[in-house]
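Asker: To start, I am sharing the structure in question, which I have written as structure tokens.
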Amino acid sequence: MAKLSVILLFRSLLLCGALTVSRHATLVTEREVQSSKYDFIVVGGGVSGLTVADRLTEIPDVSVLVIEAGPVDRGEDFVYVPGSYERDPYIWPGLTNEPSAELNNRVFDSVVARVAGGGSIVNAMIFLRGTALDFDGWESLGNHGWGWEGMLPYFIKSENFTRPTPELAHEGNITWDDSVRGHDGPVRYSYPNYIYPGLGRLYEAALHIGIQPRLDPNGGQNTGVFNQPFAIDAATWTRSSARRNHYDPAVSRPNYHFLSDTTVARVIFDGTRAVGVEYLPSRGGGISTAFAAKEVLVAAGALHTPQVLQLSGVGPRDLLEALNIPIISDLPGVGSNLQDQTTFPFVYTWDSAVTPNVTTFLTNTTWATEQRVLYDQHLPSVWTLTRPLAPKFAFLSYEDATANTAYASILDDAQARDPADSLPGDIHPTVLAGYAVQRQIMFNEFRDAGLAVGGMSWDTDANVQVFNVKPFSRGYVYINQTDPLANPVIDFRTASDPTDFQLHIALLHKQRELFNAPSLAALGPTEVVPGPAVQTDEDIIKLMREILQPSNGHQCCSAPMMPRELGGVLSPEMKVYGTTGLRVIDISHWPKELSGPPMASIYAAGEKAADIIKGEHGWLGN
């Protein structure tokens, strides 16, 4: 009877039409939501959700409600001043993964934002795109228009790039290609205005071992050595977040409501049509409902979008039946295909460290205070760098990573491996089929010299992070209860495909080669971790099981945009198979991980999603 009442209420709203909401600021209370009507409900106010909501509400007659599980930040220094960076206050609490079988059953916290603006509030601000091959790989999975040529206009539309000064560009060997950068979009980005002096030696070392400069890592190829652009507003030298770029400018629109600190429990359906959502306070409380006359757009993130779908009856049949959830659409791919980028740490001491460096910043309060004075005067300052990062990065192709090592056969061994051996034994045949196709695409990508599979980042003193950005392993995220406030079951299944260990071994040796180059060797580095005793593959893998990090906070791909017969969940228009009026518009819709940090690509994909939605409703010219 309760469900019937909900549907009858929704139908009565449809008869009245989706009226424009009352004229007040976007941030609203639950009571105000109950007295309003909406065309669209966006589940999640992260980068994707805010981008799409902003673009839809540019049309005055289109009303949108965004429901975000977290708060709106208060403009704290630890968010907006890069040198004060602290992510923990806005991280989802208690979100841990299952014991990782290949990592000695270690348990890790999953880093997920719970705040308006999502990852753009808590990440390290790196603003790199995926490569042309990354997106062409998406398109080859049946997603027409999602290749590089289809995405590049949306990168340009989303961005507002500020060029560095000639002096900074010369000092930091910063180069770029203006023709592929956007200059009129909402998302401001540039380069921090301070260069640690030791980074010049890293640049020389990279050149010495054959890593070439990259003119522009955002131009479709991202291998080489380069300075990373950051999501920083060069007018204020503060973090450029989705909250500031896509929320603040729209805050006074009467057709845009934002409900914070509120969790969506499930999508409401009339048959197979999504008509609204149930929601409750994130701290706990009673269930309320809101209705969408046109569509529900899910953007809850790669770990929570599958949870929302599964709680709503969209997901693997066996899972839903076990929890007595009525099945709306049997989609085995919901929650499968989870991916993230792994990190292996190096630790060094130095006989002659180049200073000032990151340790100077962290430990010398006098110097740090002097630098803060410069920052507050908008002068060059270390405070424009996301603490404790340095902007120089070396990204390696598969060929670069394995050159001059005994590991050139890694890819051949991977191709000989049965894809089923890398997935759970009970995996659905369609998901297995999709994974097998993804592997073939990845094998082709890895042969290209312009696509990065891994890289190194040095903080200018003790710490180096070595990344595998294109893992073969696939994990999952599933619910095990119907409480919408309970965390889902998460397992990255790191190194379930041993190719990922082998690639990390090759990258480890490449890192050692880099620091043995004359410009860095002259400083007298001593490798503490892994340490000189760790040499054999067996020793390296043993250590990786102890210290490898399975998540870089770049979770993706858990509701993939692929054909249904390949375990896909979404059409190329991001529509959920077996339903109407329901789309997934966040990073969950990616079929496979990109070769770099995701933020810039999330903005661009959000712009594309907004245009797809506008086009289908006849609003594209608005």
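Just so you know, glycine gets a Cβ as well, placed from its N, Cα and C.
What Swiss-Prot records for 1-18 is signal peptide. Taken from Swiss-Prot, the feature FAD binding site covers Val47, Ser48, Glu68, Ala69, Asn123, Ala124, Met125, Ile126, Pro598, Met599, and the record attributes it to similarity to another entry. The N-linked glycosylation site annotation in Swiss-Prot covers Asn160, Asn173, Asn357, Asn364, Asn480 and is backed by sequence analysis.
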Asker: Can you tell me the three-state DSSP label for Glu68 (FAD binding site)?
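Answerer: In three-state terms, Glu68 (FAD binding site) counts as coil.
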Asker: Can you tell me the CA-to-CA distance separating Pro598 (FAD binding site) and Asn364 (N-linked glycosylation site), as a whole number of Å?
Answerer: 33
Asker: In angstrom units, rounded to an integer, how far apart are the Cα atoms of Asn123 (FAD binding site) and Asn160 (N-linked glycosylation site)?
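Answerer: Spelling it out, the Cα of Asn123 (FAD binding site) and the Cα of Asn160 (N-linked glycosylation site) are 19 Å apart.
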Asker: Tally every other Cβ atom lying within 10 Å of the Cβ atom of Met125 (FAD binding site).
Answerer: 24
Asker: How many Å separate the two farthest-apart Cα atoms among the FAD-binding residues Val47, Ser48, Glu68, Ala69, Asn123, Ala124, Met125, Ile126, Pro598, Met599?
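Answerer: Max span of the FAD binding residues, Cα based, is 24 Å.
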Asker: Once near-sequence residues are set aside, which residues in the chain of Asn173 (N-linked glycosylation site), 6 or more away, have Cβ atoms under 8 Å from its Cβ?
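Answerer: Listed in sequence order: Gly200, Tyr203, Pro213, Asn227.
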Asker: In angstrom units, rounded to an integer, how far apart are the Cα atoms of Glu68 (FAD binding site) and Asn364 (N-linked glycosylation site)?
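Answerer: Cα-Cα, rounded: 39 Å.
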Asker: Counting across all protein chains present, how many other Cβ atoms fall within 10 Å of the Cβ of Glu68 (FAD binding site)?
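Answerer: Looking across every protein chain shown, the total is 29.
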Asker: Using C-alpha atoms only, work out the spacing between Val47 (FAD binding site) and Asn357 (N-linked glycosylation site) and round it to an integer in Å.
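Answerer: With distance taken Cα to Cα, Asn357 (N-linked glycosylation site) is 32 Å from Val47 (FAD binding site).
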Asker: With a 10 Å radius around each C-beta, find which of these glycosylation sites (Asn357, Asn364) has the fewest other C-beta atoms nearby.
Answerer: Asn364
Asker: Any idea what the Cα distance is from Asn160 (N-linked glycosylation site) over to Met125 (FAD binding site), rounded to a whole Å?
Answerer: 15
Asker: Between Asn364 (N-linked glycosylation site) and Asn480 (N-linked glycosylation site), how far is it from one CA atom to the other, in Å?
Answerer: 49
Asker: Can you tell me the CA-to-CA distance separating Asn480 (N-linked glycosylation site) and Met125 (FAD binding site), as a whole number of Å?
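Answerer: Cα-Cα, rounded: 34 Å.
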Asker: Which one of these recorded positions has the most other Cβ atoms within 10 Å of its own Cβ: Asn123, Asn160, Asn480?
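Answerer: Per the Cβ count within 10 Å, the most buried is Asn123.
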